[in-house]
Structure formats: structure tokens, C-alpha cells
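Colleague: Got a structure here, written out as C-alpha cells. Questions coming.
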Amino acid sequence: MLRRRNLLTTLLIALPWALLLTLWHQYPTTHYLSLLRKETDENVTSKALLNGTSALREEGFPSCSRQQQSIGATPKIIQNYVYSRPPPWSDTLPTIFVITPTYTRPVQKAELTRLANTFLHVQNLHWVVVEDSPRRTNLVSNLLEKAGLNFTHLNVETPKSLKLGLSWIPSHTPRGTLQRNLGLHWLRDSFSNTAPPEGVVYFADDDNTYSLELFEEMRYTRRVSVWPVAFVGGLRYESPKVSPAGKVVGWKTVFDPNRPFAIDMAGFAISIKLILEKPHASFKLEGVKGGYQETSLLKDLVTMDGLEPKAANCTKSHLRTPRTAAGQGIPAKGGWVTSTTSKDGCSPAEQGGRAQDRAAVRVTGFRGTVFILILYRGGPSNVFRGFLESPQVVDYSKPHDVYTNLSLFTRARSEDTMPYCSAQSPVLVGPLAISFRVLPSERMIMRRNPFVQSGGHYRPPHCFARYKSAILVAYRNQEKSLRHLLYYIHPFLQRQQLSYTIYLIQQVGTGSFNRAKLLNVGVREAMKDEEWDCLVLHDIDLVPENDYNLYICDEYYPKHMASAMDKFQYTLPYKSFFGGVSALTPEHYMKMNGFPNTYWGDGSENDDIATRIYLAGMKIVRTPPHLGRYRVMDYNEETEIQEPWRRYLVGLGAALGLMADSEEALGTEYDSY
């Protein structure tokens, strides 16, 4: 059977995708190379920092035929591609002041680097980067120094009282608001209203992608200019509606249509003169609904009549946000107007041949995708487990002590010089030795975890954690399981260099146990304490066996972490299983409308939660089984696994509208350890 699957893999996946790549590179590669040769013919200027000096060499290459270039040209070997100064500055061009709020996260450097590489192609651009941090980090400082841009580096930390927790708290403020206001404040302090510079102010988030045409269009904004913004997924977009007279008369919007300025933060630019003329105009910090931050600023600056439509009267899209799609285009009269226009002067025959190539690529790609979906119909948990490759082998016969390497952690002398933790902890050991034969005492647990603070909170003593996770444990009269869990989970999480708190939510009374209701309480209480990156839902009788099973969330989808439990022979009991240990962000929690409150004692809430995830348009991702291994304590009776017909009824009930029950009043108690 294995050989047959390998044959199917070769015929149905490998060959179609090989053909896809061949067709993809057949034309675009040669076209790209011809463009490079064309630039060389037109006397391109090259800039490089050679031999460690700061002088730039600018050399022109005389025009010559391609044949002469290929035969007589001697290539130069450039050792170091570094810009020693910003892009050329022109006194005749208005300046574009770009304000970018940013915060520490795994992809921060990558996204800022991508944005900096875009800005290097824009003349007269000044980049104002504002960190949501108590201090300016070395990562951002070094990146800005090496980028070669005109920049200003600021920082202000958003207080916990203003941070966005759960969206049902209307007084909380969306991320980046305080940072954008600080950027506006810096502009007003740096320039005088009596002699303002020529230029515009633009708010560019670091996770967006921009066309260079956008900056040239906004450069000559008189008051406030606007344009469409496309969203990731499908062909959705938001755009001002423009009359034949060139006036903005309304909004084509995907989200709340009642917004006075129904536009994305990336969809407008403001004249710096107008910013200086209106010193009190800013983003409101409190009492602003989600999606109304743009309105809170623009209503103090301009009316609808004063908006200037750009991008061909708002028929083009020059940017895409994290909710945007590259090159999807905006529907307009006569067809689709995309964000880029062909300028290579191809003949109709060449364009027709290129269209045929693109059609073949789409057909082949679709065919390969269909076969992949068919062969992976077993679900996300089977990825990397099928015929493409064998499961990764981890030797669990040689486990490590759970407290290994913790002695390497020493408290930093000062937080002012303390660095951020490495993206991947260097002290992880892999398989862990787990035993439930000896019950640890509370004194032993406290002695072995000296850096755990009162209330169950821990943060690395030697570095600033990159991730903040709340561990939510539903509990009732399970003292032995609780001690074992705390003994093993604290060092497990500390080696991952997380900032975490373990919340123990206890059900009072003698009624049937309601795990999901307890978790709803835990989420609400946890979000009052901290703006957690991740909410980990943890059964009290499970202990992880491998510290490479990271207790952090997937950015896009809820993650099931207990993908291999010993009581199920280290396999899933059924495909949609979501019990044991799982992780989701606060945004995932709100999108699925929390957890059900109606399941008492039988454990069916896990199937309802899985159904809610799918109904919310998400999917379940799973930790690979060789990492997501858990030992189950046998102090309590095993929870019965429901039959398929019972799970079907659970899913049907959620689909018929039972998702509303998570908003009921909750009457339980919680504590943190």
C-alpha cells in the first residue's frame, strides 16, 4: 500500500506541480532578465559600500548592445550591499512623513525590513517609527540604523488600562492608537504652524504591503486624500464612492457601513499643514468603537466635501492590508482595474500567448490542489504523517528531568539593559521524564520554582518574554492531579521562556461539572489582568511529555495541542477531537463567541467548541503527534468518548443557533497558581 501511495504521489502531485513551476518560470524569468538588461542599457546608477568605507561609488555604464555586454563586460563583485545614506532628497518635492506603530512579536523584524525596503524607493520620505514598549529596543534601533532611511525612533508603552482586551469592553483602545498620537505630537513639536513644510502625513502599519505609485499620488495632498484598500481573501475591498464631478459622496464598505468615515487606516493621507493647523486633532483613546478610530481623527480635520479621491477616482488599489489580497483589483466600468498596469508594450499576440500560459498555470495548480485536498482528507492532524514522509522520530526512551537547565537562569542586574528573549529558547531538552508514583508537596513545588511570583505569575528573570500565555485549568476536588500538574508544568513553561500565569477556575457546589462554563470565567478574569497573546485551555489531568510542544498560539487558527495522549495509544480518538489541551488567541475566542455553558458532566463541550470553530470560518491546526504527547493521570474516571451520532447532534445544535449561550452570567470562582 505504501508503494501504491508513493506512485499516486508522483503521478498526481509531484508531476502537476513540476509542470506548474515550469510554466510559471517559462516566461516571467526571461522577461525579468530582459528588464534587467534594459536597465543596464539606460545607464543605471549603482550604489554600494565597498571595503568597509562610507563613500558611495556612483558609476554610469555606457550604452552598448546586449552582445557587447555579454562578451566584453567585466562583472564587479560587490562585497556588501548597504546604503550609507537615504535615497536621493529633492528640495522641490513635498516630504512624506510615515508614522508606523510597532510592537514586539516574532515577525516584527521581517515586516519592518520589508517595509523599509519599500521606503528606500521613495524620495523625500521620513519614517517615524513608534514602539509600544517602555524603551526603544535594540532590534528596531539597529534595523533603522542599517536601513539607510531618514527616520525618527520613538517609544511609548500603552497602559494596561487602555490596552485592547476583549471587544465587549468598549472603553479599551485598539493597538497602536497611543503610538500614532505620539507621532502626531512629534510632528507638531518639530515644525511650526507659521512656516510649515510641504508634505503629507501617512499612517503605515508594518504588516501592510504598498505599491510605490501610492506614495507619489499622496505626495501632493492639499487636505485629506483617500483611495481604495483591498482585503485579503476573495475580492473584498473598501473604497470611497466618487461622483462624476470627482467628489466623494459615500462609501463602499465591507464592515460597519454606519461609520462617518468608513475607511481603513491605510486608506488616507493628511496634509502636514492641516495637522499643524488643528493641534487638538488626534485619535481618541476611550469611548471609540472598533473601526471608528479613523473617524475620531478625520472628523476634526475635514468634512466629506473636503476629501480628495486619488487612484484614478478610487478605481485602483495600490495597497493591501493583512485583510487584503495582492493584485485582486477593484471593479469599475469596463472591467477589473488592478493595482498594476502593464507597461512593456506587448503586442496582442504576445499578450494572448501569455494569457494561455496563465490559464495553463491556473488549471494545473487547481488540479494539483484538488488532489492534495483529496489525499489529505483525513484532516490537519495527518499532515506530515502520510505517504509524503514518515513521522519524525523522537527518542522517548531517553527522557530528561523536567527541571533540567533551569539553574542557568539568573536574574538580570537591571531591566534597563535586559534583552528580549531569543525567538526559540536555547534550553529546551525535548522528551521529559514523567512519573505519578510520588505525590509532590506544595513546599517542594514552591522550592523548585523560586522565580514564580505570588499569584502564579512568572516572567523570565534574564530577558523580556516574547510571548504571554494564560494557562486556564478547570478544577474541582482534584488535589492530587493539581499537585502533579503544577510540579511539571511550571518548569516546562519556564524553559520555553514564556511570561505566563496559571489560572485555576474552581466550580463550587455539588452539581455536575461544567468545564466550558469555567473556562468562560477564566477567560474574562485573565483578560482583566493582562493582554494575553494566547489562552491555553488545559485539562488538569494531562501533563506534556515534550517541551518542544510550545504553549503559544497559532496566529490564524485555534490549535489543538494534545494530539497524542497515552490513554488513546498516542492517536486521536476521532478526527474532530478538540479536548485535553488547546490554545487560541482572544480574537479567536471572540470570533467563535466563546464556549458553551449548557454541557454538564459528559464532556461534549469539546465537540461543540470544535463546531463553533468551523462555523466561525476557521479550522483546527494540530501540534504534530511526535511533539503533542501527553500523559494522563488515572486518579479520576476516564471521560466517556461520545459516539458519532452524539457528536453529530452536538454540531447540529450549535449550527442551529446554540452559540449564544456563552454570554450567560457565570457564577464560579477562580484562583491563580
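In case you wondered, yes, glycine gets a Cβ from its N, Cα and C as well.
Bear in mind that TrEMBL entries carry predicted annotations, made automatically and left uncurated.
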Colleague: Given 45-75, 324-354, which one carries TrEMBL's region 'Disordered' label?
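Modeller: Of the candidate stretches, TrEMBL labels 324-354 as region 'Disordered'.
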Colleague: If you draw a 10 Å sphere on the Cβ of Asn313 (N-linked glycosylation site), how many other Cβ atoms land inside?
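Modeller: Neighbour count, Cβ to Cβ under the 10 Å cut-off: 16.
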Colleague: Secondary structure at Glu294 (active site, proton donor/acceptor) (DSSP, helix/strand/coil)?
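Modeller: Looking at the DSSP assignment, Glu294 (active site, proton donor/acceptor) belongs to a helix.
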Colleague: Which whole-number mean pLDDT does the model give the domain 'Galactosyltransferase N-terminal' (421-554)?
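Modeller: Here the mean pLDDT over the domain 'Galactosyltransferase N-terminal' (421-554) amounts to 89.
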Colleague: Cα-Cα separation of Asn313 (N-linked glycosylation site) and Glu238 (site 'Interaction with galactose moiety of substrate glycoprotein'), in Å?
Modeller: 14
Colleague: Which one, from the recorded positions Asp207, Glu238, Glu294, has the smallest tally of other C-beta atoms lying within 10 Å of its C-beta?
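Modeller: Selected from the recorded positions Asp207, Glu238, Glu294 on minimum Cβ neighbours within 10 Å: Asp207.
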Colleague: Quick one: what's DSSP say for Glu238 (site 'Interaction with galactose moiety of substrate glycoprotein'), helix, strand or coil?
Modeller: strand
